[in-house]
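Here TrEMBL flags 439-452 as compositional bias 'Basic and acidic residues'. Per TrEMBL, compositional bias 'Polar residues' is recorded for 453-467, 630-647. According to TrEMBL, the feature region 'Disordered' maps to 438-484, 625-647. If you look up TrEMBL, you'll see 32-52, 58-81, 144-162, 168-188, 209-225, 245-267, 351-371, 377-395, 531-553, 559-580 marked as transmembrane segment.
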Amino acid sequence: MVDFVGQIAVLAPDPGKSKQTKAGPREIVKRVGMLELIVVGFFMVSAGPFGIEEAINAGGPLATIIAIVVAPLFISVPLALMSAELSTLFPCCGSPIDWTADMGHFISSCNGYCRLLFTILDNPLYAASVTDYLTSLFNLPNKLWLRLIFSFIVYALVTVLNCFGIEIVNWFSILLSVVIILPFFIFFGAAAPQFTTEKIFATRPFNEIDWVGLVSTSVWLYSGYDCMGSLANDVRNPRKVYPVGLLITVLIVTLVYLFPTIAGLSLDMDNTKWMNGAFVEAAKLLSIDRGRWLSTWIGVGGVVSNVAILNVDHFCSAMEIYAMAENNMLVGKKYLMKQYITKKGEPIPRVAIIVLAILCFPLGMLDFSVLIDVNGLMTALSLFFQTMGFLYARYGRNGIIRRMQRAPTINQYTTRETIEAITSAAHTDTMKVGIPDILHNKEHDPNGRSNDHSSPASNVPPNTAGSLEQPRSAADMETVSSNPANAAQNILDETAREMDSASKDANLPWVVNHPQLLHASADNDLYRIPCGIVGVLLVTVPAFLVCIFIAVISGWKPFLFTIVFVALCFAINAAAGAIARCVERRKAKRIQNSQLASPSFQLARIQAEFSANLEDGDERNGFSHAPYSGESSIPLSNIPPSVTSLR
């Protein structure tokens with residue numbers, strides 16, 4: 001009984017907290033509602049208008065305002081919707097790495113290495129932003145050694161927070177977000193009397209606009225929705241809550257960027273002086289900033305905001321490194337896959353967190369504008385691979401949707417509701433009555449009543465529709481009623497065999513290696529982008545247009561740098577794999593030689609040779625060593641030559 005309950009627990013990973021009732025199925029408690037989704041999403045994506053200053057410097061007032069309004073339609077909405085659907089299909093750690101796994105190891109590795117380069121260039125942006133705001137706040141010299149010290153301190157703090165599982169993004173983030181946004185509302189209200197269309201909508205000659213800086217900054221400001229999409233499995237009723245919460249989050253982020261930008265442009269401040277951290281200097285121009293309370297508030301908010309965002313992104317990036325090591329993309333997978341279990345039972349990849357910090361913190365000393373220009377192409381490549389993974393998951397020959405449709409019987413006993421119900425019944429005295437009702441798709445309560453729900457649910461995915469509505473045979477049901485523990489164990493064994501068979505048919509190991517994929521795909525809460533092919537086109541076409549535009553304006557140097565980095569990663573991984581195989585072969589040969597030289601092996605070899613010689617002698621005398629099967633053995637000498645000649 002304990003064994004079969006343990007196997008069910010493995011097959012049914014719990015994405016949210018759960019509570020066990022005295023009888024009946026265990027209820028999954030999903031933690032994220034509408035308000036939590038909006039707050040956490042805002043905190044992951046924006047957490048304030050910090051960084052928009054570089055866009056003003058690159059494009060001027062009018063171009064910046066247009067970018068703030070248009071970018072969400074081409075970046076935020078497509079990225080968030082695709083992330084939501086992919087996260088429910090692949091509820092694994094390091095999801096962006098897993099999203100392209102079905103496309104083959106080469107494409108998946110290219111995606112992983114581009115994501116790694118994107119992480120190495122993107123995460124230091126937050127450390128550089130912290131340094132810029134501290135420099136503006138305390139009038140510190142912009143020295144390279146000072147920026148390196150600040151970057152080291154920031155990454156040391158973030159590494160400690162992540163290694164010990166100290167949460168920042170929780171309900172405290174609601175208060176923190178209000179504290180960060182509030183000074184900008186005051187800033188907007190104080191600058192309102194100075195609003196003029198000449199300043200706000202001032203244009204700059206087309207050839208003087210730094211398109212690389214403007215587009216790269218805009219893309220960076222509205223990225224991060226892939227992390228937000230990973231919350232989809234913890235959202236209550238994601239079919240309704242997630243789209244509405246997403247649109248509200250996009251609207252809030254857009255307004256948080258738009259209002260302070262309009263207020264800052266209305267002040268008597270040269271557009272070329274709008275560098276990262278310039279909101280502190282702009283606040284000093286207001287009459288209400290006596291005693292520098294408002295500028296100090298904005299500066300401290302910029303520091304806290306960037307540290308908090310870096311804390312979240314650093315952990316997500318470490319989980320991606322863990323997933324890359326799990327898929328044999330990185331050297332030292334034995335160490336990168338080590339996890340520390342916190343008191344709450346949450347696994348934390350400490351080695352990956354520390355290695356990522358060592359890779360990133362030296363780049364934090366670079367100027368913010370330098371990092372943001374290089375980061376644009378990396379963001380575009382990440383968006384490109386995510387879009388390709390989304391399309392392949394839906395329409396690819398070996399995509400997860402079609403793979404599930406080819407093996408519908410697998411999901412018959414691996415849906416979340418069925419596994420939870422069988423687990424609950426195993427812990428109660430009503431198991432004999434409960435399991436037959438579960439297999440017949442009936443709800444069972446503690447009083448012994450069962451309610452039949454044999455009509456198919458409208459929101460069940462195509463690959464699972466009708467599976468639970470097909471009861472087992474009368475003989476199977478009699479077995480379940482007479483011996484429910486063995487029957488439940490047989491169900492699990494049968495499911496495992498079907499999972500193994502289906503994965504071999506598809507020539508893909510994902511179903512066996514990640515059984516939670518079956519479990520999640522059969523869940524009725526699976527989020528799908530609405531409107532069918534029209535919705536897919538509305539999401540993917542803008543994403544591809546952004547990727548093409550950034551690729552055109554970025555030039556050939558970032559492309560060459562990316563190709564060299566990816567090729568170097570492939571070469572290092574291949575060389576490390578060859579060395580590891582050579583070491584393993586030598587180790588195996590050394591063990592084999594030591595075994596051959598051992599006295600016990602020599603004795604076993606002599607006994608085996610003696611037994612073989614004994615059997616050969618018996619067969620020559622006409623005695624067969626075939627196992628007894630209820631019939632008498634026939635001596636070989638009695639078989640006619642015409643029969644033996646057939647061999």
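Sequential numbering from 1, following the chain as shown.
Yeah, the Cβs are placed from backbone N, Cα and C, and that goes for glycine too.
Unlike curated entries, TrEMBL annotations are predicted automatically.
Here the transmembrane segment (351-371) sits against the transmembrane segment (144-162); at least 3 CB pairs are under 8 Å, leaving out pairs fewer than 6 apart in sequence. The stretches the transmembrane segment (32-52) and the transmembrane segment (377-395) do not meet in space: the count of Cβ pairs below 8 angstroms, excluding pairs fewer than 6 apart in sequence, stays at fewer than three. Spatially, the transmembrane segment (377-395) is not adjacent to the transmembrane segment (144-162); fewer than three Cβ-Cβ distances between them are under 8 Å for residues at least 6 apart in sequence.
Counting Cβ pairs closer than 8 Å to the transmembrane segment (245-267), the top stretch among 58-81, 144-162, 209-225, 531-553, 559-580 is 58-81. Residues of the same chain lying 6 or more positions beyond the ends of the transmembrane segment (58-81) and with a Cβ under 8 Å from any Cβ of it are 45, 52, 199-204, 208-215, 217-219, 221-223, 225-226, 228-229, 243, 246-247, 249-250, 253-254, 257-258, 261-262, 265, 271, 383, 386-387, 529, 539-540, 542-543, 545-546.
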